[in-house]
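Peer 1: Take a look at this one; I'll ask things after.
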Amino acid sequence: MAKDPTFEEVTGCQRALFEWADSYDTKDWERLKKCVAPTLRIDYRSFLDKLWEAMPSDEFILMASDPRFLGNPLLKTQHFVGLSTWQKISPDEIEGTHQLRVPHQRYTDSNMKEVAVKGHAHGIATMWYKRVEDEWKFAGVCPQIRWAEFDYDKVFAEGKDHFGENGGNGEHAV
């Protein structure tokens with residue numbers, strides 16, 4: 001059924017996309033809860049070596065807010081979204097492909113003056129959106145990192161150990 005979504009459908013998905021990105025960057029987990037679908041497809045194989053085909057939203061929020069991942073208070077991020085393409089998969093599902101640049105800096109302490117590690121990722125991400133009770137929600141992500149700057153591989157090293165293929169979390173992982 002792949003076809004172009006309507007303007008209203010795209011703007012609904014853009015709203016969910018903005019809420020997802022900005023809640024990640026501000027670490028506003030209550031806000032994140034409001035913009036996600038009940039179940040998400042999280043494909044973090046590009047940096048955590050893990051795919052969750054059907055992760056419940058509560059588990060997704062716990063993972064995102066974990067101090068070994070984005071919940072680290074010493075980690076600052078900015079999820080920049082560039083141009084996008086949109087494809088309607090079904091009446092209640094849309095797939096977006098978005099250009100992304102995501103700088104990351106982890107500081108040594110709460111003074112936020114000395115950077116311990118920084119790494120910036122550049123590429124695209126396929127993201128899924130679902131209509132839930134007449135509102136478009138963020139329903140998953142698959143980042144494709146084309147290149148990185150600095151020590152990107154070290155930014156989530158602890159998270160990769162915990163959430164990745166050999167980690168102890170993620171019963172829904174593939």
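From the backbone N, Cα and C atoms, a Cβ is placed for every residue, glycine too.
According to Swiss-Prot, the feature substrate binding site maps to Tyr24, Tyr44, Phe47, an assignment based on similarity to another entry. What Swiss-Prot records for His79, His104 is active site.
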Peer 1: Taking Tyr24, Tyr44, Phe47 as the record's substrate-binding set, what's the max Cα pairwise distance in Å, rounded to a whole number?
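Peer 2: So the maximum pairwise Cα distance among the substrate binders is 16 Å.
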Peer 1: Take the C-alpha atoms of Tyr44 (substrate binding site) and His104 (active site) and report the distance between them in angstrom, rounded.
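Peer 2: That separation, Cα to Cα, works out to 16 Å.
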Peer 1: Under 8 Å Cβ to Cβ from Tyr24 (substrate binding site), same chain, six or more residues apart: give me those in sequence order, or none if nothing qualifies.
Peer 2: Leu32, Ala64, Leu70, Thr77, His79
Peer 1: Do any residues at least six apart in sequence from His104 (active site), in the same chain, have a Cβ closer than 8 Å to its Cβ, and if so which, in order?
Peer 2: Leu75, Lys76, Thr77, Lys118, Gly119, His120, Ala121, Tyr152, Val155
Peer 1: Please determine which of the binding-site residues listed here (Tyr44, Phe47) has the lowest count of neighbouring CB atoms within 10 Å.
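Peer 2: Among the binding-site residues Tyr44, Phe47, the lowest count of other Cβ atoms within 10 Å belongs to Phe47.
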Peer 1: Secondary structure at Tyr44 (substrate binding site) (DSSP, helix/strand/coil)?
Peer 2: coil
Peer 1: State the count of C-beta atoms found within 10 angstroms of the C-beta of His79 (active site), not counting that atom itself.
Peer 2: 20
Peer 1: Other than Tyr24, Tyr44, Phe47 themselves, what residues in this chain have Cβ atoms within 8 Å of the centroid of the substrate site's Cβ atoms?
Peer 2: Ser46, Leu48, Phe69, Leu70, Val141, Pro143, Phe156
